[in-house]
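Visitor: Structure incoming, see below.
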Amino acid sequence: MNMGRHQRAESAGLVSFLCSAIISGVGMMLYMDYASAIWQVSMRRFMVCAAFVACCGVVSFIVGYVHRSRVVSATPGLLGPLRRGIEILALSIVYAATLFLTSFMLFSLANSTMGTSLFTDYIPALTAAFSGISGYITFVQAELMDAKTLASLLPLFIVSGVITASMTTNDPNWFRNNFSQLGDRTTFAARMFNATLIVGGVCVIIISYFAISELIATYRVRFDNPDVLRTIHVGYKIPRFYFRIGALTVLLLLSGLCFIGIGLFRYTPHPLIHNVFARGLPCIMGLLLISLPWLAPQLSRTMYVVSDIALLAAAIAGISWIMGHNTLTNVEALAGMLFLGWFIVFSRQIAAIESDRIQRQLVQRNTGITNDFELEQAVRNDEQLVFESSLQGPLRPSHHQE
């Protein structure tokens, strides 16, 4: 039986699961048997476990993404492979950081729950299980990669890093001041928190690159080919499109750089530089949310309403802190969650634009329709046919066929 793309991806993901689980399980058993005593300390042992999980996930992702790029991409010359290489490097950073911090947090939680003496016996098995799961997920996601998939990783990564840092810190009163106090030391927890912010900023920049690339690609298709259906409420030629997309790129880039700056420059040795990034971030976020209808008119009106609501909620929390009814830690946590939530919705909106573009191109290629309204009707009919087929199950062959 010939398997389709999705079924092949799932089958290859299972192979990746088995290989990752066996390699990491055996590797962790050898490590626990032969590593020196100083590397058998719980935190270092968990770092090695998380490294196994991250390495298996990244290798599986690279294999899957290279296979997908070789099948999908047809760009001649050196530009295509060079771009794929940059994308692989950037996405590997996102996956490595996410898998490392998430698995480290899970190992720490399990150790706290079960106790060190009991948990030690389960470390190789859990490492194999986590590595297998990461290998399976990353391979399948690499085959079906889009901005929606990438954006879903960011909050998981940030939350895992912050929770791990707050659980391992030796300052139980850090939350009474602000999040900067959590990273204002040279302890393991502080370094974990600062590293989370730095890599989180890098992830914001990387995901923004893919989102902006899709907006540009969609605009080029619609503008260069007058036969392609235009976006609803948006004309073929958006006035000053490249100026708008440039401004959107700069704001997203600056927001990522602010995260990097906050983690890179701690408050105690660099109070001025730290405050520039820490106080500049909400200003950039506010400007981005306010100007979003002008920067990206391709998005839905609901997205603009959600952006305004997020900005209003952050403003109310800030005013409450100024009046003494709230703590700065709560305001920072709310603003961070709102930005991450908005960033997820923003990326999913762009991924939806990409899916609609691909669907319209396929319908137009199969039907040859060039009229806007006829093409829109054909797309709806195609969606209805897919929906009805999913309800009725596979079509049965006719009894008249031999």
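Placed from the backbone N, Cα and C atoms, the Cβ positions cover glycine too.
Automated prediction, rather than curation, is the source of TrEMBL annotations.
This is the feature table in TrEMBL:
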- 12-32: transmembrane segment (TRANSMEM)
- 44-67: transmembrane segment (TRANSMEM)
- 88-110: transmembrane segment (TRANSMEM)
- 122-142: transmembrane segment (TRANSMEM)
- 149-168: transmembrane segment (TRANSMEM)
- 188-212: transmembrane segment (TRANSMEM)
- 241-265: transmembrane segment (TRANSMEM)
- 277-296: transmembrane segment (TRANSMEM)
- 303-322: transmembrane segment (TRANSMEM)
- 334-351: transmembrane segment (TRANSMEM)
Visitor: Examine the transmembrane segment (88-110) against the transmembrane segment (12-32) and state whether at least 3 Cβ pairs sit under 8 A, considering only residue pairs 6 or more apart.
Guide: no
Visitor: What stretch of 44-67, 149-168, 188-212 shows the most Cβ pairs under 8 Å to the transmembrane segment (241-265)?
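Guide: Per the Cβ count, the answer is 188-212.
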Visitor: Report the listed stretch (44-67, 122-142, 149-168, 188-212, 277-296) having the maximum count of Cβ pairs within less than 8 Å of the transmembrane segment (12-32).
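Guide: By Cβ pairs under 8 Å, 122-142 leads among 44-67, 122-142, 149-168, 188-212, 277-296.
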